[in-house]
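Straight from Swiss-Prot, the features:
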- 10-203: domain 'tr-type G' (DOMAIN)
- 19-26: region 'G1' (REGION)
- 19-26, 81-85, 136-139: GTP binding site (BINDING)
- Thr26: Mg(2+) binding site (BINDING)
- 60-64: region 'G2' (REGION)
- 81-84: region 'G3' (REGION)
- 136-139: region 'G4' (REGION)
Amino acid sequence: MPKTAYVRTKPHLNIGTMGHVDHGKTTLTAAITKVLAERGSGTFVPFDRIDRAPEEAARGITINIAHVEYETDTRHYAHVDMPGHADYVKNMVTGAAQLDGAILVVSALDGIMPQTAEHVLLARQVGVDHIVVALNKADAGDEELTDLVELEVRELLTAHGYGGDSVPVVRVSGLKALEGDPRWTAAIDALLDAVDTYVPMPERYVDAPFLLPVENVLTITGRGTVVTGAVERGTIRVGDRVDVLGASVETVVTGLETFGKPMEEAQAGDNVALLLRGVPRDAVRRGHIVAAPGSVVPSRRFSARVYVLSTREGGRTTPVATGYRPQFYIRTADVVGDVDLGETAVARPGDTVTMTVSLGRDVPLEPGLGFAIREGGRTVGAGTVTTVED
């Protein structure tokens, strides 16, 4: 049976759920797909289909990023169910980097937890400018307690530059909505309306040279190697030539799909799978970049403005100095780098500093690009590239 082609009839946005483990992100994602499926604009994806890796089912946590799609009256969304567990924040960094907006899920029973704050900080660092809050499990909570949690969340968002007073906060129950309770399915509608109206259509750089950071690599027997990810900028069509930076390969795109539907052309903001001609599976990996030929020159050295997380925000307890060698999470790549603080010499937790970084390998860099700094499984800093050195 031939696949139905993807037809672009509505503007496309990338949205995601984030928040602390067990606050109900995946349940809420399933509830959104169920409510919209009943409206006739999507396919219901049950909870156990979203949380799909075996180790997740055992531990009840989302590790790999799961994508679902749905439509509201005015938009088409690709929805990323974001990891909630601290060990997996590195996935969050690569997942959040391609989001146009996010739904912050906070349990009305528990309030703000450590990962709630870390996810908000990361969202800010990787350029997610608009957040809508879902106060989940609102069916089980005391109203006054829920009011306090809402206040707490607004203060957290304000502290991270999100204008907490104007952020929509919607009280929901993912579980009750899945059970079909009309009060709570209406709350899901209200949440989606808030996303539709509060998260603006981003400026898409469709005319810039094509660039896609590789999130995943698959092999289709008899057809070749497939890379998946979100198009950062530009447009790509079947038959276009591309460079795979990191693999040092030039090739041709022989197939293009989004959510299993073939498409003629993908553009900035689309989540896509690209079939690459004659590229061995082991030549390409997550962190590589697929780009228009000759459009990007990878570099190792750059200068950046970096915020070193305070101890209270889960950062280091001691300062960093020149010679520090953490992991730099840049787009979907993670690379070790040497830090030179110049005359500053040391940076204490809570400081914002300028640093020069020498990476362990060449990475496509450009001014304005955001990144996270991690060590020992936690985020310790976040910054923006200011200049790239040859």
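Positions of Cβ are set from backbone N, Cα and C atoms, glycine also.
Taking all protein chains in view, 22 other C-beta atoms sit within 10 angstroms of the C-beta of Ala138 (GTP binding site). Gly19 (GTP binding site) has a Cβ environment of 26 other Cβ atoms inside 10 Å. Counting residues of the region 'G1' (19-26) by DSSP class, helix then strand then coil, yields 2 helix, 0 strand, 6 coil. All chains included, 26 other C-beta atoms sit within 10 angstroms of the C-beta of Thr26 (Mg(2+) binding site).
Cα separation, Gly19 (GTP binding site) to Thr26 (Mg(2+) binding site), rounded: 10 Å. Confidence for the region 'G2' (60-64), expressed as mean pLDDT, is 39. Secondary structure by DSSP for the region 'G4' (136-139): 0 helix, 1 strand, 3 coil. Separating the Cα atoms of Thr26 (Mg(2+) binding site) and Ala138 (GTP binding site) is a whole-number distance of 16 Å. Each of the binding-site residues Asp22, Lys25 was scored by the other Cβ atoms within 10 Å of its Cβ; the lowest score goes to Asp22.
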